[in-house]
Structure formats: C-alpha cells, structure tokens
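One structure below.
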C-alpha cells in the first residue's frame, strides 16, 4: 500500500510501498480517506532532537485521520463494515492504575499512533476498536480528519468554567485558534489570543477571538485596558511552550485565576513561583484528550453550531504531500489536509 514514512534518520518524509497491516482479534482495519498534518509530523520531518530520541526508523507517520471500516477483528462488537471513523491516537495499556480507574488519558504506558507504532499516513490503518470513534453523518470528512488536534483544543478550553469569563490564550497555532473558537462558542466574554505570526492571528480573528494580539507590536496590558478589564484574566490557556508567553500570562492573570497548559517548552522553564502563590493560581497540565468524553464534546460542539472550518486552509492529494509539508513548515497555514481517495 501507499504510505508516507520516516525512512531515513534525516530531514524529510518519503513515499513508500508498505505492507498492508494485519488485523488482530480486537482491531479494526480502516481505509483512510483524509489525513491532516500535525505539528508533531513537522517535528518528525525536521528530525529535531525530540524526534531523534523518540521515532524508530523506518516508521509510517501520521495520527490525524478519517476513514472507513473495511475489516473487523473477530472479537470486535459495535462496529460494522462501512462505518466512518476517526480515532484516538493514544493506545493505552488497560492495566495501569489510571486505565483501570477510567482515566485512560493518563495512562503511563501510552503508545502513540505514528510515533511509537505504524501511523495513519497510509492507505490502511489498524487500531484497536476501543480507540475508534464513529463520526456522525452531519460532520464532514474534513472536520473529522482534524478531530485529534480539535480534541486538544476542547480538552484544554473546557478544563475550567468559561461562561462570562475573560480568557487569555498564548499561542495562535491551529490548536490555540480552535480553542479560541470553543471559548467564544460556550460563552466566554473576552477571548484574547497572542502570537507573533500575523497570518495565524488573522485566522484567529476569523474564528472568533475578541482580540488577536501581535506581542511584538502591541502590549497586552494596553489591550486589556481597551477592553475595560481591570482585574486580569480569569482563565489562561498556554498553547505555545514559549517561556516569555507564560511569564506574560502569569503577570496578567487575576487572583484566583486558572491556567491550563498544553504547550511544551523546549527545555527547563524557570518562572516566578511567587506570582503563582500570592495570586492563588491553579495550573493544570493537559495531555491529549479525555477518552472519550472529549470526543463526544467535539461532535456535540460542531453539531450545536461551532464552525471550525476556517482553520482548514490547504488541501492536497497525498501525491503532493511535499507541498503540504512545505505549507505547514512555513507557518503560513492553518490545518493542511491530504486526500487519499
């Protein structure tokens, strides 16, 4: 089958002819329709330090997808041939304390699709049936293919009460932008997003951000004053992994504020802990999606009118995958979709 693989320990992704995966007793075989390129895939393409320490070579990559069930393991129940599915990319062990307590998103033995095991950038993918999520008929393939990063946005944004609150989002990547849309949809008052990428700040405006602030040109404190904010932000969503952005968030949070952190710093990050202590801040780390509450929330949000389609800015056939990766690496894109049909 046709697949995109990290074939060599160097910069790049390669089209290969890979063997069709075998279906286990508890698995589904999915014929891939569309995939989306994730920031993780860009890290793997670039072969940065994280990738060198994490990714076995060769490896079929990719974990954002939608497809159709074409074969079902003999012990699987609840799925039929032809079901349209996406799936949770974190394969969990089922036997650790958190898995047995129903907190599978906190499994300490997680294996990642397209990271630790063969991925979705292929004509066919095998995953455990437990990880598959049926896509409602009124949700398009395009939207279903980005449910994985949308889930990161939903998990982060819905960590705390948002109704009537003022929200600061640091980092206008696709996940941060989708989080801004979620916050506005569920009733936040002001949603301010910061970055230095003008293209993505404009996307954030289209997705409903109250203000999209280029911190290289504008002071966050001035924006707060313009909005009539006198006490700071109630909720912070840190999506950038940039220390300066997190420091700015700590400076502008209200006392008793709550922060959800999804962005991963490049290394050790020192902060002024006295601000956390004296402001009484709550900080929550976010990894992946809650299984499967986040997935149900995603579908329900879209069905209730949330429009995240503007975040999809580029479409390519998989044969033109290089153009898709070039678009993602440029930073001048939202989500990039590859069609496998």
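Each Cβ is built from the backbone N, Cα and C atoms, and glycine gets one as well.
According to Swiss-Prot, the residue from 146, 175, 308, 312 that belongs to the NAD(+) site alongside 195, 200, 262, 263, 264, 286, 287 is 175.
With 93, 96, 99 listed by Swiss-Prot as binding Zn(2+) 2, the candidate from 38, 107 annotated for that site turns out to be 107. Maximum intra-site Cα distance, NAD(+) binding residues 175, 195, 200, 262, 263, 264, 286, 287: 23 Å. For the pair residue 286 (NAD(+) binding site) and residue 107 (Zn(2+) 2 binding site), the Cα-Cα distance reads 13 Å. Counting other C-beta atoms within 10 Å of each candidate's C-beta, the binding-site residues 64, 195 are led by 64.
Cα spacing between residue 107 (Zn(2+) 2 binding site) and residue 175 (NAD(+) binding site): 22 Å, rounded to the nearest whole number.
In sequence order, 99, 107, 108, 109, 110 are the residues of the chain that are 6 or more apart from residue 93 (Zn(2+) 2 binding site) and have a CB within less than 8 Å of its CB. Around the Cβ of residue 200 (NAD(+) binding site), the same chain contributes 172, 173, 174, 177, 331, 334, each under 8 angstroms and 6 or more positions distant in sequence. Cβ atoms within 8 Å of the centroid of the Cβ atoms of 93, 96, 99, 107 (the Zn(2+) 2 site) belong to the same-chain residues 92, 94, 95, 97, 98, 100, 104, 108, 109, 110, site residues excluded.
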